[in-house]
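As recorded in TrEMBL, the features of this protein are as follows:
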DOMAIN    5-579  domain 'SecA family profile'
BINDING   Gln87, Gly105, Glu106, Gly107, Lys108, Thr109, Asp494  ATP binding site
DOMAIN    89-285  domain 'Helicase ATP-binding'
DOMAIN    416-579  domain 'Helicase C-terminal'
Amino acid sequence: MNFASKLVQKVKARFVQHKLKYYMDKLTEIGLVDLKAWDDNRLKAESLKLKERVRGGVSLDDILVEAYAIAGEAASRVLGMRPFDVQYMAGTALHEGNLVEMQTGEGKTLAAVMPAYLNALQGKGVHVLTFNDYLAGRDAEWMGPVYRFLGLRVGFVKDGMSTAERQEAYSADITYVTAKEAGFDYLRDTIAMKESDIVHRPFHYAIVDEADSLLIDEARVPLVIAGEVASTGGDGSRMANLARELKLGEDYDFDENKRNVFLTEAGAEKAEQILRSGNLYESHNSHLLTSLNCALHAESLLKRDVDYMIRDGKLELIDLYTGRVAENRHWPDGLQAAVEAKEGMTSKSSGKILGTITLQHLLSLYPKVSGMTATAQDSAEEFEETYGLSVVEIPPNRPRIRIDHDSRIFTHKEAKLKALVQEIAQVHATNRPILIGTSSVEESDLLAVELRKAGVTCHVLNAKNDEKEAEVIAKAGELGAVTVSTNMAGRGVDIRLGGGDPVQADQVAKLGGLYVIGTHMNESARIDNQLRGRAGRQGDPGSSRFYVCLEDELINRFGIEKALPSAHRNLKQDEPLEASVFNKKMEHIQRVVMGQNFEMRKTLNKYSDMVEEQRRIQQEKREEVLTNKDSLSSTERYVRLYHMDRTWSDHLAYVSYIREGIHLESLANRNPVDEFHNRIIHAFEQLPEKIESETAKTLKKLGTNGSKEQVDWEKEGLKGPSRTWTYLIQDQFMEKKTNIFGI
Ligand code: ADP
């Protein structure tokens, strides 16, 4: 470590100490509030008084100590859980809008209750954003009695609820919901034709659970609301055939990160001949070039059963992080159609996009945000730079005694698999529970088969249902359990030694606790740590070890030459390599790749930030129209909203068309970001005039009809989409592997 970074570490450490001291002081104050003598009624009455004081203008900071003491006492009476000191500290840090790092099993769910309660006293609603629907329901139910005891209402939202149910849930003081559901609701609100259809109140405060997953891994995922229109067909199958004819390495190639695909000169010539298109790089051919690029991606970079699967005739995407089917997900339009064409499926109409927002932009609509996760520190810089969130590391309730072993590094895949199976079988023979984290569904299945051959039965976590998954993962700490899971399956669910049985817990502890094995190194050390953190919760014994080989995707992608001294290249041996040198190399690779990903996200943000800015301007104007009670008539209001929505939707289609082809600008020596900005700014400037003239035209056409209150919108051809639906675009995947935009 050089002098400068030592200094930074020192300053950081002092800063953290300083912060922690502040939280400890608060803790002491909370401890001094003695509520034990108060009966339940008194406690409830004091809670109501706090609410009144806040409504009367007292600041939340002024009542924090009292509120936390009351909430803690309520939790202890209602749930039998008295918050640990570290939970009060975490709760205080959350109220201050920090990103709190707290190890797995330390009790983040209860820690969040205190800031949720405090901020809910303002009566503007608090959202606790959970990792999935199942946890939204579970946590609302689990913590609900505490809030109710304190005189507050709690609700949760999940997929499939009606508008009325959602309105009810969002009107509660505290609402547990996934960011995705909250976001889809937000998008539906943005196209509501009546105020009474709106489900959200203005956003107030969000506490994000598993914050690194949402704020970093999924931040750029666009949520989409689409409406029914006829499918446009397109050149999907023609391009899929052409892509099959072109040869990798000869006609097209990848960039060094295997993220982009490029036609070579020979490939372009061949394609031009087959398509009889003339020069593909001329602007009138840009749609052909874009769809050919998509087809080449679909053909060469997206693999069936790794990146997607076909089930019941439907294309289903596999989530890169969880390794499971990502419900409700599409790739961006062109690529989605290309994969469907590659698989010989008739392209389904994906409808017309009516509105879209990334999760990151959605989060920025909340005036106040805080987050919690077991793994924040590794991405502290990104949290700070992107969200202005400081990471606060809360010490564990009981010291962590987990042993993280050095990775075992093998030369080739077979050797790694053999060693893995041997290790698992040996440890399993002692009855010690083992949890194995793999990189894909395919790899989990392969390992399970090999284990079975070696006489080890295991649970493979590939459930399509979060609740079942939670059940299996919760049992991963039982005697003799072997659980093979993909990346982050069952996040947010606690693994207790012995599955919660105290006698068994002792036996498992004597065997060394849960043994976590990673079968590959992830791009980010944060994700590795997430897996390690499954063991050694609440001061339990436990250990972790990663098995890596030089043929692993990450190391390959990074370039084996850069990673290894020449003597070790092309080596094949069964024994692991001498670890210490390689462990350092691995860390280096992770740091470099993480940095690259961060940089790439920043560049990609340059595209979406501008569109979001335009969306907000447009949305503000729309809201004015929707809520304007003294507008000329309700007919005019409807007509104006109708044209605003249509024009915006056309604009989005234009934006996405421009974006799919924009990387080609760099071939003409133009900066794609600047070019993109110029074009969409120009297009956006045309919108108000278009809306005005279309509205005037329609009103004129409606003539006297327009003044009547009842217009048959369908008959007039002014009905909005007959059906809308929502989905996610698998954008983060594009960043990781196949960013077709060449950015
Ligand atoms: P995390 O989300 O931090 O991994 P959870 O909120 O799931 O942790 O809590 C982990 C476990 O600890 C749960 O089983 C919960 O019942 C228990 N727990 C949390 N806080 C307390 C407390 N103050 N007293 C007793 N048990 C607690």
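Backbone N, Cα and C atoms are what each Cβ position is placed from, and that goes for glycine too.
When secondary structure is read from DSSP and collapsed to three states, Thr109 (ATP binding site) falls in the helix class. Around the Cβ of Glu106 (ATP binding site), the same chain contributes Phe84, Val86, Gln87, Ala90, Ile394, Pro396, Asn397, Arg537, Gln538, each under 8 angstroms and 6 or more positions distant in sequence. In this structure, the binding-site residues Gln87, Thr109 were compared by how many other Cβ atoms lie within 10 Å of their Cβ, and the smallest count belongs to Thr109. Gly105 (ATP binding site): 20 other CB atoms within 10 A of its CB, across all protein chains.
In this structure the residues listed as binding ATP are Gln87, Gly105, Glu106, Gly107, Lys108, Thr109, Asp494; their two most distant Cα atoms lie 16 Å apart. DSSP assigns Gln87 (ATP binding site) to a helix in the three-state reduction.
Within 8 A of the CB centroid of the ATP site residues Gln87, Gly105, Glu106, Gly107, Lys108, Thr109, Asp494, the other residues of that chain are Met102, Thr104, Leu110, Ala111. Non-local contacts of Lys108 (ATP binding site) by the CB criterion (under 8 A, 6+ apart in sequence, same chain) comprise Ala90, Val100, Met102, Asp209, Met372.
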